[in-house]
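Taken from TrEMBL as is:
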REGION    76-112  region 'Disordered'
REPEAT    114-147  repeat 'TPR'
REPEAT    367-400  repeat 'TPR'
REPEAT    401-434  repeat 'TPR'
REPEAT    476-509  repeat 'TPR'
REPEAT    545-578  repeat 'TPR'
Amino acid sequence: PACPGCPAVSFLASFGRQCECIMAASKPVEAPGGGGGGGGGGSGLSRWQLALVLGAPILLGAGALYLWGRRAARRGGKGANERKTPEGRASPGPCGGQQPDGPSHEETSPLDRAQAAKNKGNKYFKAGKYEQAIQCYTEAISLCPPEKNIDLSTFYQNRAAAYEQLQKWTEVAQDCTKAVELNPKYVKALFRRAKAHEKLDNKKECLEDVTAVCILETFQNQQSMLLADKVLKQLGKEKAKEKYKNREPLMPSPQFIKSYFSSFTDDIISQPLLKGEKSDEDKDKEGEASEVKENSGYLRAKQYMEEENYDKIISESTKEIEAKGKYMAEALLLRATFYLLIGNANAAKPDLDQVISMEDANVKLRANALIKRGSMYMQQQQPVLSTQDFNMAADIDPQNADVYHHRGQLKILLDQIEEAVEDFDECIRLRPDSALAQAQKCFALYRQAYTGNNPLPVQVAMKGFEDVIKKFPKCAEGYALYAQALTDQQQFGKADEMYDKCIDLEPDNATTYVHKGLLQLQWKQDLDKGLELISKAIEIDNKCDFAYETMGTIEVQRGNLDKAIEMFNKAINLAKSEMEMAHLYSLCDAAYAQTEVAKKYGLKPPTL
């Protein structure tokens, strides 16, 4: 795959594991409301489920997480767009103005006088006279009978709105806190306090407030969901940066490693030992490997690869490098590759840099190092550097099919579909038997047609999948990608058959079980079967972070937040990149915020 963190079988599925980004329309300053009811907002948003709203992955095709079929009815209370600011008349005192005609001061109740002060404050607010508005709201607070919770909460919230215009964030947070204490489900106050906490860099408190708002608004308000997404990403990045720096390197499962190397065809370091590199005597006993003739750390590392004894490869490669042996370039590339596989990009980069600069080294070694460094840059969200490396690889080794195959996947990530198809075509020209490139070309064409809502090209792409699996019946990737496209088209039964084909071909591929489990949720809403398949994935590969992540997301939907947090933490410990870890922290923080909201306000989102 283009990224060492994703095995070939699931690469194109995993590139969809990004949070959906929705651009908020600009909105004028909102005048303070006249009531403290529930909130409402724009409804131009797609139907996000809870985990998706709060940072969960949106997966392509069979990875699309269908977790409940209908949205809970929108909660009662006046929406934000329905509230109107009462005009009122000026009241005497600090708010200023003439003594009004009508009933004498003694004949009006304290609440009436408080409302009049508030109304005057609203006039000042609309006129942009925020200091005077604050004086009026302060008078309203002092006049209001303490038992009038809803009215009093409105006055505090209105004063917070005026402080907000003056960017006095501490005062905003304090007044909103008073409003929420008086009216715990006051959406405007919660959201305004969330924004104040954001300005004060109180991310945890901001997240809890905006989570409560999202639940109260049944995920209909674009602004609150954008803020939730923004804060979750910030928290995720901060925590991942610290955690990743101090993480213990972890070797992936053998299945993952084999899937990774299977995506290369011109990779010298993954080729079996040649006859001249090992003794002529075959192994005498079962499990006893043939001995390497030369005293070479690199050749011993290659032997350990054949035995799937991956933990010794870095140390043996290091011996070759330190001895400056004749396989030094190969050893550097092999060590760098395993550094990438254990998630240590900082250690991998110097080795890759050195191989790339060795002009006398085999050109295929240098091209392979460029592919892997380019993939590393993409994983680090540096697409310009990534593109430069792939282009350089194509320049120095134009007949290397791997360059075009992996650059094609990069182009898909960059949404450059036409260029991706050109690269896949070149890969296929160089290696007509490349089933993987042909399957991924079909998927690229399908995504382009599907997102463009073009029925005819979609049909052509679907026919292309049929041709690929007919021509390459043993290519599990072809069935997997076809299954995702079929799921998009709601042809669930056929998609299920394709996943069964994948499992027949690769029974130890945990990712396929996860996707098949998700399909059961989307197709039949069969929670038990879905969880059974995902549990099977973990049984097959207890280092499959995707399985733990998906399990955690489902547990969020079921309302089992403690279990969800446990699953997300397991996935975090298995994350292969800082970016992936940040995403997982976002999920975990979203679940934790919901537990806090449930404790404070008794709010729980709809569950399965």
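Cβ atoms are placed via backbone N, Cα and C, with glycine included.
Taken through DSSP, the repeat 'TPR' (114-147) splits into 27 helix, 0 strand, 7 coil. In terms of C-beta pairs under 8 Å, the stretch of 114-147, 476-509, 545-578 lying closest in packing to the repeat 'TPR' (367-400) is 545-578. For the repeat 'TPR' (367-400), DSSP puts the residue distribution at 27 helix, 0 strand, 7 coil.
Counting residues 6+ beyond its ends, the repeat 'TPR' (401-434) has Cβ neighbours under 8 Å at 1-2, 11-12, 15, 263-267, 367-368, 370-371, 374-375, 378, 383, 386-387, 390-391, 393-394, 440-441, 444-445, 447-448 in the same chain.
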